[in-house]
């Protein structure tokens, strides 16, 4: 032992820290991996994410059954940790871009291969993390002797601290790893590293756990109480169905129909468990909202500005707000809020706390909807099919007038200025007329529709130049990236390089294609004109913008460039997500912590595992609800989906409040004491009967 604790528990705590780092680190970047690497849309990314989370909370039941009925906790943890580690390694391999990028263009050529590997990896991870979930904490508890109750209680505090520490650190670190550039043939976001580090941590967790093998107290499997409860419930239902005729008298409770096969104690304990499980029915709706932090809220953050001054926050790092706030809020709520409520003589019962938690979660989604409305206001509108958008850039020193024929629109553009995008019905737009100085130009145009175009015009020394360029951009840049292109407004051909990216040779008045650049920084731009180099530093790029940089002059000593904003940067700051995270964390504190405490207080000591399984099942069902609601709603606006989820939880909250009102609190210890007393009386009665029988036999 060490400081009065079994030495073995230190291996268990380190194992749990590494495992939680592995799980939450991988999960933090998962939805962005789906969206940007596997190229799935928001809805499919969200659906697969929640399917995975649901599976992670369904498999603990399987893990508990394997541990209690077959392998024992130690062998179950080791076996499923190997499966878990393989799953994490497969996920890391699945995200290697060069695995199928045969033409070396920076995009995987065989997406189905990456999807297949990802799904195999996620299934193995779900089996691993879910399977060991009910075993590790219970295995740690087994290491203590009966007289070490104080140490056991403290161990569980340290154990849950290691869970929070692992999840907090991983949600900070893995998004940073994801943001790095790596690759053999082309540099991409480093998902292999973001998944590889959690895989390495899981391997460390397994090795650490196995090293402590000789020190562990290993309890042999003694059967699973969930199996007994399930059999008891199944027999009661079957027996009631057999005796459904009116000639059979009714029994006080439907579980009493199991009395022919099961003892009175098991039936009474099952009744207590079923009473609590009935209250669990509305709870999945809370988890349906809560677990969207890792999906919808992370996707929301990708359309926001993550510049916090010296620090650039990645969208998937915003989940750390919950992890940080939970560490702060639990002691504040327990030590300050609850005592204040008690002083106000308000009877804040556990079920009332759970109701408040559900209400707060709904409120958090209302806050998310308000933020989404503000984001939507900043998003550009792209042309639908059959429509075209045109923006005019005047490269000359003379003002110009552009008429879109037949008589659709007339626009005046001053020297070296530009317009916003104008929308036209493609079928109605036939030609345009440009007037500048004393010259004019008629140009017949045929546009494909559904695209944006830029009309570059200039009154040169000899004639009017007018060129319609296809922008080839149909959505706002994602991941906070920026699109940059150049227009050469010089009389000579130039070569342009921005950062490490070469735009090649641009002839006079020619434009380049857009190229993607990371946001939140300035870039060095190098221009070579007639073999003479010149360079200048770009303006600080925002996040999610697109610019056309017009080079008007560039020599050894001077440069003149203009920045035409094609798509505005993300202007809604990620800090606006903090209120919704704060409200949801408050909801988690009063809902989750109270829910487990309430469940444990209302169930017999040997039935805690059943309630733990039921609680985890509510999380799984909650994630399945997200799939159903998001799939069935068909709402085009994200803010409307947030409001829908909030409204559903408000309704469920009212239903739960009514159920809680009619709930009668019980004391399981008191009921079990009564059962003990009845059993003693029965034993005494049986003994007396036996003695009388013996006396009668002796007289004969």
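Each residue, glycine too, has its Cβ placed from N, Cα and C.
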Transmembrane segment according to TrEMBL, located in which of 228-246, 247-265, 304-322, 323-341: 323-341
CB contact flag for the transmembrane segment (153-173) and the transmembrane segment (323-341), at least three pairs under 8 A: yes
Residues of the parent chain within Cβ reach of the transmembrane segment (74-91), under 8 Å, 6 or more residues beyond its termini: 19, 22, 26, 63, 66-67, 117-118, 120-129, 131-132, 135-136, 139, 195, 198-199, 202-203, 205-206, 209-210, 213, 216, 218
Intrachain residues whose Cβ lies under 8 Å of the transmembrane segment (609-630), provided they are six or more past its termini: 43, 46-47, 50-51, 53-58, 60-61, 64, 68, 133-134, 224-226, 229, 273, 276-277, 280, 283-292, 295, 595-596, 599-600, 603, 641, 644-645, 648
Contact call for the transmembrane segment (642-663) and the transmembrane segment (111-132): at least 3 Cβ pairs under 8 Å, seq gap 6+: no
Beyond the flanks of the transmembrane segment (323-341) by 6 or more, those residues with Cβ under 8 Å of it: 164, 167-168, 171, 348, 581-582, 585-586, 588-590, 593
Cβ contacts under 8 Å made by the transmembrane segment (353-373) with residues that lie 6+ beyond its boundaries: 282-283, 285-286, 289-290, 296-297, 300, 572, 576-577, 579-581, 583-584, 586-592, 594-595, 598, 638-640, 642-643, 645-647, 649-650, 652-653, 656-657, 660
